[in-house]
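> Taken from TrEMBL, the feature active site covers H115, N188. Sequence annotations record features per position, and here TrEMBL assigns heme binding site to Y402. Per TrEMBL, domain 'Catalase core' is recorded for 68-457. According to TrEMBL, the feature signal peptide maps to 1-20.
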Amino acid sequence: MATSWIFLSCLYAILTVSHGEMFIDTGHKEQASSPSCSVSDVDGLCDNAKVASLEGFRERKSEQDIMTTNQGIKVVDDDNSEKAGERGPTLMEDFIFREKMTHFDHERIPERVVHARGSAAHGYFQVYKSLANITKANLFQDPTKKTPVFVRFSTAQGFRGSADTVRDVRGFAVKLYTDEGVFDIVGNNMPVFFIQDSHKFPDIVHALKPEPHNEIPQASSAHDTFWDFVTQQTETQHMVIWLMSDRALPRAYANMEGFGVHTFRLVDAKGISRFVKFHWKPVLGVHSLVWDEVQKIAGKHPDFNRQQLYDDIENGKYPEWELGLQVVEEADEHKFDFDLLDSTKLIPEELVPVQRVGKLVLNRNPDSYFAEVEQVAFHSANIVPGIDFTNDPLLQGRLFSYLDTQLSRLGGPNFHEIPINQPTCPFRKNNQRDGFHRQTINVGRTSYSVNGINNNLPQPAARNRGFVSIQERVDGHKIRKRSPSFADHFSQATLFWKSMSTPEQDHIVQAYSFELSKVGHVFIRQRLVDQLQNVDATLALRVATNLGLKLSDKADNGFPKTDVKPSPALSQAYTAKDSLLTRKIAVLCADGVDGQAIRELNDTTTNAGAYMKIVSSRMGSLTTADGTEIPIDGTVLSLPSVLFDAVVVAGGADSIKTLQESGDALHYVLEAYVHYKPLAAVGEGVQFLQHIGILSKTKEAALPSGVLTSAQNRLSEDFKERFLSAIAQHRFFDRQRVSAIPA
Ligand code: HDE
């Protein structure tokens, strides 16, 4: 009995589910303050100058607090407005009511015109060794230094309340609070963009967003205007094939790569500049969900990615990325068969290797979604000495747009004073004044330069202490034209297609077929399949067949190029598959389940960094075969299989008998099977898999890929090892007969 109590309390600690915190196992950690740091400290966050700087703005509830108005008047009744008689009208003079309601009426600010839905976290960046040989940027010099960061992930198309798991590019915006000012790398989880010139940005966004006459569809590219645009603006074809790929369905933000997209410059202390592409490489590898799954998650748990980011940080499973650099000497600018200034092109890693130079760690959730995540203002023009721009015409437009958009979104030119946007080094030392919501009280008579009254303060910095643009010679006629070096719109789409594994290619075909089947105009569908012939003949034929179309005769325009070599780095087939950190495992069971096997599975998987949940047909607790009680974390409906990476059917004769009679339980496992997830059956659980036809009843038949069985309820070390490695593998796309299963 004593053992069972210990077991029970352990399980409770590990498995407790609280509303809205589905995968949290410890709850929010109570944090001890260190005397030198006013921030409640956990994991050395007092090292984080940005987090510490926010402390002065944090407002916590305290036992001593008495409710007041914003003017400091103590409020005695917060339930009733002041009326002329108990049943009479509310009085105009009720300033307490008026203040409360006015504030409420103005709680919303305009959402971002793109990337409205997002989640963010604090953390730090640390370089592995000094990069002084390529850049003088202060944040890249000292390997002992941690630069505070705030990172916001987002979808691009949907409104602020849309679902996380839609087919979309994800924003990956990193704000680095360096000692020399704020440096923003406002990137995406795809290395290229739809268009080459920012002049087309309003067009692509209007085409992609819900259609203007009826605001349908939400957060989806599967509609006429998007495909009408992209099939005519053919430079989009490379990014579109990324959008049709598994990259558009990330399992978690921590499983996404990030890319700066444009070519930037690194500048060293001698003023020598080199071209650079920024990459963020996820330590846990790139992993995606499958299309059927993401659509279901969008309904069952629309905050899926947001929740995981939040929970992982609360549980100390901090998301990590390595910063990667592809550096190209200026002298090599023209050695590629594409233009480095064209943001619809990537540099294959096989041509220019990605050097991993530092680590990004996210280790603290924001305290207030609005104050931090909603009000953070990224701007691709926020660079520091040691970084510079290129003439990429997409980047050049962004250098205008991000500052401009904040003026209406954040209500004026003083958004840099909002706490989350303030640099951690000295700032606003200038003669800019006033404007909406100005907080700073500038003391003194002078707000101009040059001034004699105040010694011309503030003084400009010496050239070697401040930002100086590289001395690029620019010479040209005013002209509205694309460079001929931007003309190839298809070769890199071919590169991407050729680099995919067979299952990834299948998913791309399915994605084009699904999207175009939602397009009403047949001529748009025809245009797409005809154009896909420039990418790959088989791809075009497969999509055309699914759409019931015939391919038009193709003019010999030189595409698809036949000499395109695949780039294995683009495929998820070769990503890291060696960790269980943050993986989620459902154990399906009912009363009479074998408790010992669950204990062992729980120990094995949680020790490896995974989350395990007990799922049954009702809430409460289960009585195991040995008489102990196990708390249930959720039901087959509230914790559906789409929220997990793997499913275990636990043993115990009574438990299996109950499960076999439940249609929801049968569906649960079949659905995990068709989503290619690892499945394990223990003891009598094997009969369950036979019952639903996943396992043959004849012993000789080979197990389907990714399905593990243990005839005994006592688990062997070998079984546990194979189970862990199957979960680390993530998905088993070589699984047979999936399309024949109705789940
Ligand atoms: Fe953006 N983009 N963008 N974009 N973008 C915005 O800025 C814009 C582009 C990206 O988490 C807006 O503050 C133009 C490429 C991210 O707050 C806006 C062009 C890449 C975010 C804007 C592009 C991005 C935005 C809307 C074409 C990847 C969310 C709200 C020249 C490299 C940042 C805002 C956050 C947000 C303009 C193209 C990434 C309107 C004009 C390429 C991650 O300013």
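Each Cβ is built from the backbone N, Cα and C atoms, and glycine gets one as well.
Describe the structural surroundings of these features, if you would.
Listed in sequence order, the residues of the same chain lying 6 or more apart from H115 (active site) and placing their CB within less than 8 Å of its CB are S154, T155, A156, G171, A173. When secondary structure is read from DSSP and collapsed to three states, H115 (active site) falls in the coil class.
Sequence-distant neighbours of N188 (active site) (same chain, 6+ residues apart, CB-CB distance under 8 A): A156, V169, R170, G171, F172, G258, F259, V261.
Non-local neighbourhood of Y402 (heme binding site): V186, A377, F378, H379, S380, A381, each in the same chain, at least six residues away, with C-beta under 8 Å from its C-beta.
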